[in-house]
Amino acid sequence: MASLTFAAGLQIESEKNGLTTPKKALTNSKSPTVAELDEIELPDYGYFNNTNNKRQRNSTDISPDGPTTPTPAVTGYHTPKTPGELEAVTPPTPHHHHHHHQHVASIVPSWSYPTMNKWRVLCACLIYLGNGMNDSAPGALIPYMEAYYHIGYAIVSLIWVSNAVGFILAAFCTEILAQRIGRARALMTSEVIMVSGFVITACAPPFPGVVVAYFLVGFGYALNLALNNVFCANLANSTVILGAAHGSYGIGGILGPIVATSLVSAGVLWSRFFVIMIGIRVVCFFFAGWSFWNYEKEGVSQFANSLQQLASRQAASDLGEPTKLQLLRRALKNKTTIIGALFIFAYQGAEVSESGWFISYLLEYRNGSPAKVGYVTSGFWAGITVGRFTLTHLAHRVGEKRFVYAMGAGVILFQILSWQIPDVIGDSVAVAILGLLLGPVYPCAATVFTKLLPGNLQTMAIGFISGAGSSGGAVVPFLTGLIAQASGTWVLHPICIGFYVIMLGCWTALPKIAKKKV
């Protein structure tokens with residue numbers, strides 16, 4: 001609700017701005033009159049040519065190709081015909097600024113506009129579901145992989161390291177790839193890379209082959225994650241849409257261990273689980289290609305891009321256009337980026353360690369049987385998913401900052417309980433509740449980071465932060481595996497508690513959120 005009222009406030013405010021500024025820009029023109037111009041929405045400079053102002057004014061519908069014109073209009077490809085238009089083409093700087101606001105308020109793409117967005121959001125959710133299955137399955141499969149390859153915790157942990165290397169490399173390629181070949185082809189490329197990784201693993205090659213396969217999976221995964229995060233975050237009411245997307249990831253997280261454990265306990269070879277993953281990714285490949293195919297040609301997305309260019313062009317008119325590298329430098333100098341990256345590194349590191357090693361802990365210290373204990377991580381993921389769907393609403397009421405402190409304290413408490421309770425059932429319940437409290441922390445943090453980061457750095461900084469998260473999701477489980485090799489899987493608990501403490505420390509160090517002037 002709060003976000004809706006905020007959006008409404010923005011709309012009214014920006015319309016006020018939008019209505020007052022044209023007077024400045026267009027006072028000299030004889031016709032049309034200022035009063036008439038005041039009533040016209042300005043999605044397209046071309047409208048000034050149209051003599052039928054009445055019809056234009058009454059139409060509330062903005063044609064998808066309308067919004068594509070501001071870029072040429074400002075850069076001078078469009079030859080103005082009336083004095084009014086001439087003034088509109090070269091407005092004073094403040095006019096630009098309000099203009100920018102007005103359009104952001106009036107033509108934000110939503111999940112239902114353009115119409116293909118419904119399918120794109122659905123496609124993003126399916127991709128997230130597959131990613132969730134990919135992340136949660138190793139926890140259930142590791143005991144079988146160790147037995148199959150006769151390797152210990154330390155060696156099997158290498159899959160996380162190669163996964164992370166793929167992830168980090170992809171961070172440098174995503175934006176270039178999306179610009180060169182377009183979003184649809186970039187998403188299809190990511191699916192092809194993931195499928196190739198799963199095909200290798202499904203064949204149960206010698207263990208180095210599995211490590212290479214996880215590198216490929218990590219690379220493809222990072223591509224689709226970055227593209228989808230940016231797509232969802234730029235839609236109207238993005239919190240709800242990102243919630244649904246991350247919820248789908250959680251559902252995948254629940255399904256992964258259930259499917260893997262039921263297959264393996266039925267006597268199927270562990271690697272055949274990845275045949276199912278191949279099936280899901282093939283569907284994602286066609287779905288992404290079909291739904292995103294004309295994405296760049298659509299008015300709204302192009303309009304949003306031209307707005308960004310316009311804003312950055314204006315900011316850079318004196319200094320020259322900032323390059324990607326300069327933007328990255330600026331993002332890295334920003335306190336929020338660094339603290340945010342460390343926060344998500346700790347969060348995801350603890351989360352993936354929990355998901356990956358808790359089953360091994362129960363097998364080693366609670367004498368669980370692999371066929372039954374395999375389902376415990378599903379409980380953990382179910383907790384995360386339910387938490388993301390339900391508790392995030394509470395966060396807006398209480399305030400994100402305070403909410404994360406409360407969740408963090410609860411998480412540490414239940415981590416200690418899951419370590420100290422002496423039986424499998426008690427531990428499983430504790431770890432499920434731990435998931436419930438941990439789940440909403442990620443979306444809350446993402447909301448706060450977005451509020452704290454300036455617009456032109458957001459994509460770059462959030463990309464860097466999620467990259468840091470993924471490397472956390474590799475480094476921490478790997479460390480856990482190394483130390484577990486030396487002294488047993490009980491080390492999972494103190495390691496996780498340590499990272500939760502780091503997480504809360506970063507949260508305290510974040511800058512205060514300034515009330516934004518619209």
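Glycine is no exception: its Cβ is also placed from the backbone N, Cα and C atoms.
Predicted automatically and left uncurated, TrEMBL annotations should be read as such.
Straight from TrEMBL, the features:
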COMPBIAS  48-72  compositional bias 'Polar residues'
DOMAIN    120-518  domain 'Major facilitator superfamily (MFS) profile'
REGION    1-101  region 'Disordered'
TRANSMEM  151-174  transmembrane segment
TRANSMEM  186-207  transmembrane segment
TRANSMEM  213-236  transmembrane segment
TRANSMEM  248-267  transmembrane segment
TRANSMEM  273-293  transmembrane segment
TRANSMEM  338-361  transmembrane segment
TRANSMEM  373-391  transmembrane segment
TRANSMEM  403-422  transmembrane segment
TRANSMEM  428-449  transmembrane segment
TRANSMEM  461-484  transmembrane segment
TRANSMEM  490-510  transmembrane segment
Is it the case that the transmembrane segment (273-293) and the transmembrane segment (186-207) touch, counting contact as three or more CB pairs under 8 Å in which the residues of each pair are 6 or more positions apart? yes
Contacting positions for the transmembrane segment (248-267) when only residues 6+ beyond its ends and CB under 8 Å are counted: 125-126, 128-137, 139-141, 144, 273, 276, 355, 359, 370-371, 374-378, 381-382, 384-385, 388, 439
Please give the average pLDDT for the domain 'Major facilitator superfamily (MFS) profile' (120-518) in this predicted model. 88
